[in-house]
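Visitor: Okay, handing you the structure first.
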Amino acid sequence: MPGSAPVSYLGPWPKDVGIIALELYFPSQYVDQTELEEFDGVPAGKYTVGLGQARMGFCSDREDINSLCLTVVQRLMEKNALSYNSIGRLEVGTETIIDKSKSVKTALMQLFENSGNTDVEGIDTTNACYGGTAALFNAVNWVESSSWDGRYALVVAGDIAVYATGSARPTGGAGAVAILIGPNAPLAFERGLRGTHMQHAYDFYKPDMVSEYPVVDGKLSIQCYLSALDRCYSVYRNKIHAQWQREGSDKSFSLEDFGFLVFHSPYCKLVQKSLARLMLNDFLNHPTPNTETGPFTGLEAFRDVQPEDTYFDRDVEKAFMKASTDMFERKTKASLLISNQNGNMYTPSVYGCLASLIAQHTPSQMAGQRIGVFSYGSGFAATLYSLRVTQDHTPGSSLDKLVLSLSDLKTRLDLRKKVSPALFSENMKLREDTHHLANYVPQGSVEDLFPGTWYLTRVDDKHRREYARRPLDDDLPAESELVRSSSATEHIPSPVKKMPRMPAATAGSERAVSN
């Protein structure tokens with residue numbers, strides 16, 4: 001692996017720290033948004049055109065946040081033939097809370113038991129959809145710090161996004177991502193280039209500790225998202241200008257300096273509006289924009305608008321969405337595959353967009369590009385940062401391996417099972433009724449899960465959760481159950497049997513921001 005480094009080499013600053021490997025998991029079933037429009041009795045196109053959503057993945061009661069994260073971590077480790085001893089830090093970003101004390105990270109440590117590796121730093125991080133990004137920054141900072149011991153960091157982001165019956169329900173989704181962090185990475189973090197904005201607001205929050213459902217102020221959530229985008233872009237732009245000036249360049253930064261742009265995606269239409277929003281920022285920031293030719297043609301009427309007055313200005317929105325159409329097609333549209341087909345995954349959302357982008361480009365198309373990444377979490381917290389893709393795209397390179405590992409995303413999406421809106425609604429009611437129940441045995445079908453998926457087998461009278469893994473080969477028996485123990489002295493069965501290595505990937509309207 002490209003990030004490997006001997007423990008004896010602990011230099012002052014590891015080179016090109018970033019993303020070495022990335023794995024994505026989404027549920028094996030989905031509901032069609034066109035059918036859901038009809039079922040909900042709303043006008044045709046409300047979800048598909050208004051939100052830009054085609055399908056929405058969802059979990060039965062067989063899956064919870066622990067099982068999602070178990071699945072994606074083991075899949076990444078198997079696909080990349082990694083030893084659990086090679087991981088020195090593991091941090092989880094999630095807002096799907098099933099225990100107010102015990103972390104998802106500690107549940108994942110059961111995967112490490114056969115290796116004997118318990119020297120693994122990190123814990124859970126929570127702030128709506130931003131938790132995964134905070135965990136990612138912590139991992140990068142660890143590798144670049146005096147605490148680093150030469151091993152990889154592993155970041156996990158996962159959530160189950162569900163809503164009460166109503167207008168927000170079609171903006172749900174579910175999934176998890178695992179990201180391997182180390183030096184000599186094909187996607188390196190650009191040092192010093194993060195624009196962050198943090199502010200207090202009640203745009204989306206979950207005060208009911210016995211319910212999975214959030215409280216959402218739809219209009220405020222959109223305003224918070226767009227205002228955070230404005231602020232983060234301004235800070236990022238100032239920082240890169242300062243870098244360039246230190247290097248002797250007086251060049252001005254614009255969106256064209258990003259090869260690609262990916263965004264936290266509550267729903268696809270908001271992402272398209274967000275790119276248009278950044279073009280508005282470029283237009284207002286330009287000292288003498290050309291409104292006769294080029295991307296700013298015909299926009300002179302908006303020269304004196306104030307950004308804070310335009311969050312819901314339809315004229316501004318329409319004009320800049322039209323002006324940014326070509327840029328959207330070139331830089332962002334490909335990133336919306338998972339968002340469009342699976343919905344909002346909360347913390348993994350922006351990284352599902354990154355995976356979608358990588359999956360639909362060749363290594364040569366990715367090589368040398370700067371990728372802008374905007375992460376947002378309600379409450380609210382946001383950062384715009386950038387990744388620089390390595391120039392090396394030769395066969396067998398780290399970039400080539402990363403692209404190949406994600407090239408099966410479309411195939412995996414097509415292998416899912418479509419479920420009727422009525423059955424989807426029944427599943428949501430079952431989750432609502434059984435959330436946090438003790439002495440519960442899930443009713444969902446194990447056979448409907450993808451091979452290699454961890455699933456909940458029961459919750460005992462002390463709310464301890466037990467899991468098993470559906471084999472990669474259906475001719476094999478299910479793997480040993482994982483028992484959630486409240487005492488380190490209690491016996492915990494061995495969590496992982498020696499499994500065959502994963503096969504190589506084949507080529508192939510106002511709404512809540514929903515944090």
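Yeah, the Cβs are placed from backbone N, Cα and C, and that goes for glycine too.
TrEMBL feature annotations, pasted as is:
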- GLU95: active site, proton donor/acceptor (ACT_SITE)
- CYS129: active site, acyl-thioester intermediate (ACT_SITE)
- HIS264: active site, proton donor/acceptor (ACT_SITE)
- SER221, LYS269, LYS273: CoA binding site (BINDING)
- 13-186: domain 'Hydroxymethylglutaryl-coenzyme A synthase N-terminal' (DOMAIN)
- 188-470: domain 'Hydroxymethylglutaryl-coenzyme A synthase C-terminal' (DOMAIN)
- 470-515: region 'Disordered' (REGION)
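Could you tell me the structural context for the features on the list?
Guide: Summarising the environment of GLU95 (active site, proton donor/acceptor), the number of other Cβ atoms within 10 Å of its Cβ, over all protein chains shown, is 29.
A simple way to gauge crowding: the CB of HIS264 (active site, proton donor/acceptor) has 34 other CB atoms within 10 angstroms, across all the protein chains here.
For LYS273 (CoA binding site), the count of additional Cβ atoms within 10 Å of its Cβ stands at 20 [all protein chains shown].
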Visitor: As a test of reading the model: what is the averaged pLDDT for the domain 'Hydroxymethylglutaryl-coenzyme A synthase N-terminal' (13-186)?
Guide: 96
Visitor: Tell me, which recorded positions from GLU95, SER221, LYS269, LYS273 are within 10 Å of CYS129 (active site, acyl-thioester intermediate) if we use the C-alpha atoms?
Guide: GLU95
Visitor: The record lists SER221, LYS269, LYS273 as binding CoA. What's the largest Cα to Cα distance among them, in Å, rounded to a whole number?
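Guide: Between the most distant Cα atoms of the CoA site, 15 Å.
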Visitor: Report, in whole Å, the straight Cα-to-Cα distance of LYS273 (CoA binding site) from HIS264 (active site, proton donor/acceptor).
Guide: 12
Visitor: GLU95 (active site, proton donor/acceptor) to LYS273 (CoA binding site): how many Å between their Cα atoms?
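Guide: Distance between the two Cα atoms comes out at 25 Å.
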